[in-house]
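Enquirer: Okay, so Swiss-Prot annotates it like this:
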type	residues	note
TRANSMEM	1-21	transmembrane segment
TRANSMEM	32-52	transmembrane segment
TRANSMEM	89-109	transmembrane segment
TRANSMEM	182-202	transmembrane segment
TRANSMEM	261-281	transmembrane segment
TRANSMEM	285-305	transmembrane segment
TRANSMEM	344-364	transmembrane segment
TRANSMEM	384-404	transmembrane segment
């Protein structure tokens, strides 16, 4: 039943993308079918097949060790301030982890390890799905770094991207999350193995929906075998790389903290207004979260959430789209134990992406800053990219639900 439900959800999600496709006759069936099969195969290996699941759980435990190492530095700095009552203080336990992992990724970048990983995964995706090297490389980079950093690896080529490539790169960025913030989600109570699996599944999903909604109609500039990745200015040495990474991580952590503070407070204001307004008509308990739940509950049901849990699941999906994934994860993490394992898995996958309305401004600032001549294209494609990124996350969630 789970497999049939998941397949029906996957077909429905792909059908939605097909409806929004600009050039249906130009859709490459190979990209869609192979991309979908890649996601299903990966989901089966890490969630259902005992040997594959054991290996992935081992890998997840190694990643969890990195979080423990990060906590050593956090404890040294904050000591007894780390806890407020019985719960760790968010600003002192979650945000500093982002700083540590940003520094770690910067060191791996300096040692050329990340570039090698990008090339291997990107090359594999390009051969499997028949996508260009540029967009495949960007999709691979998005597994580990965020939508702001991944375009840097293809910086010299952005201005000359085809419209389809530009859209696909935008979609890939929105369907994934940054490696540094991923570990922040884990500290909110989201199982690390689900977050890692969702990040890897986002790569083929982003390519599939990018090519479904805006198929390629032009000749790409990166069909040549001598395509080279941009590696940036780099750091003087490992210490310099770690320092620069920590500084970048601090900026991200401060932005996340400020954003959460503002959004949580604004939600409280909105809920106060809604409660007062609807209270005049005798309606109690009307909140932004409950409204989003009613709007998005059919989508939650479509991807495999049982109907009795769909209202709350839909609320988190709506929060992720309208606000952002960190707000949704922080609320979901507080109640994850109240859901069935299947629903908790589906929600964990569905929220794992940057596809929200505020990300359009981020894309304009990053991609538009790297290629000012494409800013108008990015602005026009923004809403469609959010749709494509959201559908990519929902597809991963539907597939994950098949194997729980």
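Heads up, the Cβ atoms here are built off N, Cα and C, so glycines get one too.
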Enquirer: Do any residues, 6 or more residues outside the transmembrane segment (89-109), come within under 8 Å Cβ-to-Cβ of it, and if so which ones?
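Expert: Result: 66-67, 69-71, 73-74, 77-78, 81-83, 115, 144-145, 179-181, 183-184, 187-188, 235, 238, 241-246, 248-250, 252-254, 256-257, 260, 330.
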Enquirer: For the transmembrane segment (182-202), find every same-chain residue at least 6 residues outside the stretch whose CB is under 8 Å from a CB in it, and list them.
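Expert: Distant contacts of the transmembrane segment (182-202): 39, 42-43, 46-47, 56-57, 59-60, 63-64, 66-67, 70, 88, 93-95, 97-98, 101, 142-144, 172, 175-176, 256, 325-326, 329-330, 332-334, 336, 344-345, 348-349, 352-353, 392-393, 396, 399-400.
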Enquirer: For the transmembrane segment (1-21), find every same-chain residue at least 6 residues outside the stretch whose CB is under 8 Å from a CB in it, and list them.
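Expert: Same-chain contacts beyond the ends: 27, 32, 36, 209, 212-215, 302-304, 342, 384, 387-388, 391, 394-395, 398-399, 401-404.
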